[in-house]
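Chemist: Encoded as structure tokens, here's the structure I'll be asking about.
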């Protein structure tokens with residue numbers, strides 16, 4: 001068949017794909033990469049809420065802020081305890097010249113300035129132990145302060161190490177290796193009109209218990225007149241004859257049947273680009289190596305859904321008998337060979353009515369001929 005191969009970075013050359021009244025930029029709840037575009041505003045005590053959930057707050061930080069925060073935390077603890085050591089030495093009289101006071105035992109040896117106190121705090125916290133500066137038995141409160149510093153800084157180091165490991169090992173990074181097709185297409189599959197997307201696992205390690213679902217977000221007005229800005233409707237997807245736990249070892253094609261139960265049943269080639277909705281697609285899976293649950297997300301708006309197109313096959317069989325996934329074709333679509341679903345619903349009804357009338361006349365003619373033959 002004659003096919004038109006094209007990239008989804010430019011719109012298809014079809015008249016029904018564009019219109020003079022279309023919006024070029026539509027607001028979307030979720031970006032193509034799966035990040036939320038919702039801004040949380042005017043929340044009382046939001047910073048206090050973040051501090052109460054400090055673990056999640058620190059993990060969600062960007063790496064540059066996290067490293068800056070932790071470096072500043074260490075420097076501040078060294079300096080803070082250094083100032084306290086300096087104050088203890090000042091009160092005890094350790095900063096006076098040693099010649100002026102005979103038989104004087106300082107609280108901390110070789111700490112006669114703020115710089116020396118800072119270095120003693122740093123050496124104690126990092127357990128460097130050069131041996132020049134050391135604490136004595138002269139001041140019990142200095143000994144207590146040293147113990148408190150080691151306990152507090154140990155807890156800080158445990159927290160820092162835990163957040164670093166949690167950020168590195170979280171399944172979000174695994175979810176980023178799941179690739180969705182940039183566009184969706186509407187075509188026929190097994191005689192049914194379907195909305196189709198492609199999903200691929202970019203790693204060789206498998207994903208267990210994969211479940212793909214969709215949420216249709218659009219404005220809805222209730223019978224009482226209430227206007228719901230983002231009404232959510234469930235959009236079910238299936239692979240071939242299976243709807244649960246697909247084997248995502250190769251790029252897979254997921255289908256949503258546009259039947260009477262579908263929230264997208266009113267779509268036509270003419271009104272597709274005029275609709276106001278967003279289709280959010282979620283893929284939940286378990287990582288094989290860590291058993292952690294990950295979720296990958298994307299969304300599609302009407303401008304990213306192409307009517308009458310189909311995806312170019314990605315998987316092929318090589319000469320040596322191995323399956324090959326060519327990702328250079330992953331974003332390629334072509335015009336569907338089946339043109340029976342290009343017409344609008346009204347045109348389809350007219351054709352069906354015409355066929356019914358012709359069939360009715362044929363049956364009447366056969367009945368008349370049969371009656372005449374019997375006579």
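Placed from the backbone N, Cα and C atoms, the Cβ positions cover glycine too.
Below are the features listed in Swiss-Prot for this protein:
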- 114-130: intramembrane segment (INTRAMEM)
- 1-22: region 'Disordered' (REGION)
- 127-132: motif 'Selectivity filter' (MOTIF)
- 1-60: topological domain 'Cytoplasmic' (TOPO_DOM)
- 88-113: topological domain 'Extracellular' (TOPO_DOM)
- 131-139: topological domain 'Extracellular' (TOPO_DOM)
- 166-375: topological domain 'Cytoplasmic' (TOPO_DOM)
- 61-87: transmembrane segment (TRANSMEM)
- 140-165: transmembrane segment (TRANSMEM)
Chemist: Residues sitting near the topological domain 'Extracellular' (88-113): Cβ under 8 Å, six or more positions beyond its termini, same chain?
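Modeler: Apart from its flanks, the topological domain 'Extracellular' (88-113) reaches 120, 132-136, 138-139, 141-142, 145.
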Chemist: Quick one: DSSP breakdown of the topological domain 'Extracellular' (88-113) into helix, strand and coil?
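Modeler: Tallying H, G and I as helix, E and B as strand, the rest coil: 5 helix, 1 strand, 20 coil.
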Chemist: Using DSSP, break the topological domain 'Extracellular' (131-139) down into helix, strand and coil residues and give each count.
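Modeler: Counting residues per DSSP class in the topological domain 'Extracellular' (131-139), I get 0 helix, 1 strand, 8 coil.
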Chemist: On average, what pLDDT score does this prediction assign to the topological domain 'Extracellular' (131-139)?
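Modeler: Value for the topological domain 'Extracellular' (131-139), mean pLDDT as a whole number: 86.
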